[in-house]
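Trainee: Sending over a structure as structure tokens; questions will come in a sec.
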Amino acid sequence: MHRRSSGSPVEDDAEDSPLVSRSPTESTAHGPNNNAFETAEKSRSQIAKRGTSFDLRRDNGASTPRSRNSGLWRTPSSSSTSSTTAMATASTETKSSSASFLMPLASQRLPMGTSPESSRFRSSRLRSPWTCSILTALTTLVASVFLFFIVRSFSARQAGEDGCGIPVMSPTFLHMVGFDTEHTRFASKYNLYLYREEGVDFYNQENLGLNGAPVLFLPGNAGSYRQVRSLAAEASRHFHDVVRHDQERIKAGTRSLDFFMIDFNEDMAAFHGQTLLDQAEYVNEAIAYILSLYHDPKRSRRDPELPDPSSVILIGHSMGGIVARTALTMSNYQANSVNTIVTMSAPHAKPPVSFDSDIVHTYKQINDYWREAYSQTWANNNPLWHVTLISIAGGSRDTVVPSDYASISSLVPETHGFTVFTSSIPDVWIGVDHLSITWCDQFRKAIIKSLFDIIDVRRASQTKPRAERMRIFKKWYLTGLEPVAERTLSQKEPNTLLTLEDKSNSILPQGQRLILRELGHRSGPKVYLLPVPPQGVSGKKFTLLTDQRFDKTGEHGNLEVLFCSVFPLQNGKFATVFSMNMDFSGGNTGSTRLACKNAAEDGIHLPASTPASKYPFDRVQPFSYLQYELEDLSEHQFVAIVDKADSPTKGWVLAEFSDSSDAVIRVRGGLGGLLSAGLKMRLPANRPMLTEIKIPALHSSLLDYKLQIVRHNHDKRQELFAPLLRQSISDPHESKFFVNVDKVDVNLHGVAPFMPPPLREQATLGGVSFQLWTDPSCGSTVDVSLKVDIAGSLGELVMRYRTVFAAFPLLVVALVLRKQFQMYDETGYFITFAEGLDTALRSSFPILLLAMSLLASSLATSAQIPPSDEPFQWPVNATETPIDFTKNDLLLGSQDAFFWFLVPVFGLISVGVCVILNYIALILLSVLSFIYGCLRTRSGYIKRNEKGTPIFSAPTARRRMINTAILLVLVSTLIPYQFAYMVACIVQLATCVRAQWHAKETRSTAHYNFSNYAHSIFILMLWILPINILVLLVWAHNLVVHWFMPFSSHHNVLSIMPFILLVETMTSGAMIPRVTTRLKHVTSMILFAIAVYSAVYGVSYAYLLHHLANILAAWFVVIYFFSSGFSLRRLWLILEGDDATQGKSEPGGSHQKKKP
């Protein structure tokens, strides 16, 4: 006779253990008025006599006998009655001759001990899987409340208004059919196009009309090449309407932009590292082909005197920006073929998801290459020396890629690139979402104008030198208020001679503020002079704000601002020095001559703030603003404000020199104090026009705030402008403007979780800065208050911790499984998932959360964080202090110990999510089980033994082995192992459906054990499924586009074999054998390791969660195969087909009952 698993509902192989019949006594026990479980308890002595079992614990002579197959016992049928009697009376039965051939279906007897723990679980073994304890219910309720408010906060987050204009375009896409398989192996998968604006760009079939600098657009993850049409259309129209009519710019080398674009067939590079590398390889081949087109005079209309282009400007959206950076690291990259990269909403710092090992390792290789290149001391050793990288982020409106990931401060020094937000760009001042960043009208105009400014076709590189390009990009993309913003005043020579009569009263007293409420109130131009304070006075700053535009030299507007110094007359030769002479002396001989510089180029645009203003992006003329430190004006004695209006004109000017002691307020104190008490301050009536409030403690991107500004006793009719507020941080360059400010929602992209440290470690964090422009002439005080927005802050967790909600629940599942197996190995009862969760909540779960909370706090406060297990170390020069770019990969990824409480919060939410998923799975299984039962009873016959126990039908062992072998061969050759995992999940679902139906039909402990066990394994596999599903989507997409090249990195058979073997074994209904020796601790250790890893590394390296679960499955397979004395002989017999009768009933074993 053969042994079965403890509580296994499966029929043993026919040739080893034929189907058995029931004795009359046993049959009576299963009558309608008797409880099967009472029979099981009352007949334990008989059970011990009838069967044998395999026990992994040592035989110390004190083992408690355990039942073999719960209370529903079968006596082996045979042609000899004496044989049956002998087996029934035997106190100990040795293994049959075929026992060593048994497949992994070993069993143990259920214990008959009377320990409190055993009694407790014996009394609860009938507990329904739907049962939920009060503790679990309360935990789920609290978690649901948290989750509700988080989702609600995220949906109503502080994202700002959508104010993008709609672009106008007439697109035509020309397919570059010549770029075929002779040039690239990806010709059948990807395509290259050229954009032509209908009615603007010249082209025909013979001549493509290439006349400018080549630009290549790279779409993002699952993006379309047609997204470039708004940018390309603006480039064509701007050149046609503006640039071509400016002869000075034409002579300076400015030409049109020839926009090419790549059709990646909507490939999903964000989910698959190999796809990212394939796209980068194709980009380099496309660049080589594009440059070759300019050598063909039949396709180009370029001036033959101009050099042929040697480089291409790359513009990448989303993952297209990563592809652009990757292209420069590939072996087929032509040196210096790319020197300018502009990316939009590209996740440079970290991959959007870490579910694929290839994408994580590819990111590491790319970022390490860029960091190492810029760490070189000499330019000759830096292959990226001439490359500028500009990363533009959309801000809070982007819910696809966290804008924090767009930061390149950990990759590129400030001399070669920077990160900026669209809300900072002058005349844009708006946050955009992930898709609208490619077509937003205000933004596309800024992008195209900046590109035209860096073009110089007189150079082979088609662009100006790197330093000049960086200066232009800063001018176009930064507000001009940043510390790194450059001022051109000191670099210019005086070009205007200003002549004033000596007795002029236009010179204001030192320190007096200039206020003009109207321009042209006197006939003719008028000059106002503000004396520059003497050098050595610390903290002085000049500021000027007006609603007029600054005139450049020679223009005829209403206002011109000059910085002047006294110019002595030298024999009347001054006229040949200056290009502009402004004489206000009236012809008097006694006059003062000033040599002046025009400040228009340093003018800064600010959004107009009036009592009628609503948004900073309103289509109205912006304010003009000038700001200089006193050190910048060391060469000048006067600031001249020239009112050139001939007649009274509506307009105003406000200018002054202010002290930093009055204009700058630094708020001391930590984050805790600000959170508890908030911030309140009053600005006096005699304050400067610009007041700056710096709060270093506010630097986290996880917190939102409410800012309120209240003005007292102010007269709107006398007010020159309404209060204007700028919120800013320095790294990355993020500024937000608020007009007509009253109440403000404040959120920022400062210090974010999991972000690598910058290349140059900052001594202190600058925090957030608020710059407030108010009209000081009103004589009113201003109250400023700031407090934390708790409800708004909850929504920030979604974007920053999205992957946490996939990793932390696996911690809960691992602890539940650990508790289930501990109780199973001790008592023989496999408790339900809900009961295991309740037990974990009362024991290991709080302890683990406490440990993780302490770890999170210590990681954030530790000055030297140990490097992670992943070898992500960037080699640096021996003389430099190495930077660990992975130090923020652990746990919460937070650099602030204040947020330690997020660990228990996420743990609490994970419990609720697991409970919800458990009940969703139970509902699904119940529905499918009901359908399964209906289909089974409609077959006409019901297979039942005499006691009414349905047979758990299963395929033969040989068939299971063949199925497994076929699937593994396919994995090693054609399909990725992720597809096999999905198949395993489906098979496990079917096993759970059958197990639940049998458990309901038989109401036996054996079937309940297996049903609970199969259900818990299914829950574990469900949490692993999202890690595999993304790569599976990439593979399926490749099949759709007829790309059949297999993934070289996803055919590791060992990555899926344990899961396949485990699932195939469970299809037979085999309950996993109990482990009662010290080896049972191996199960606990593996599950505990999965729980800890899920919390510590699960966000940054989520792909390893699959492999850890795979190790657990391998351990379960080992328990299955070797607990029953598995031998190669049994395997050979199965391959020979000796199991042909397995699962078939014999006449004496069961009968077939006709369906009524």
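Cβ atoms here come from the backbone N, Cα and C positions, even for glycine.
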Trainee: If you look at how Swiss-Prot annotates this chain, which of 276-296, 1053-1073 comes out as transmembrane segment?
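Mentor: Going through 276-296, 1053-1073 one by one, Swiss-Prot flags 1053-1073 as transmembrane segment.
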Trainee: By a simple count of other Cβ atoms within 10 Å, which of Ser318, Asn1009, the recorded positions in the record, is least packed?
Mentor: Asn1009
Trainee: For the transmembrane segment (897-917), which recorded stretch in the set 131-151, 966-986, 1053-1073 gives the largest number of Cβ pairs separated by under 8 Å?
Mentor: 131-151
Trainee: What does the structure give for the C-alpha distance between Asn1009 (N-linked glycosylation site) and Ser318 (active site)? Integer Å is fine.
Mentor: 49
Trainee: Six or more residues out from either end of the transmembrane segment (131-151), which same-chain residues have a Cβ under 8 Å from its Cβ atoms?
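Mentor: Answer is 791, 794-795, 797-798, 832, 834-835, 837-838, 841-842, 905, 908-913, 915-916.
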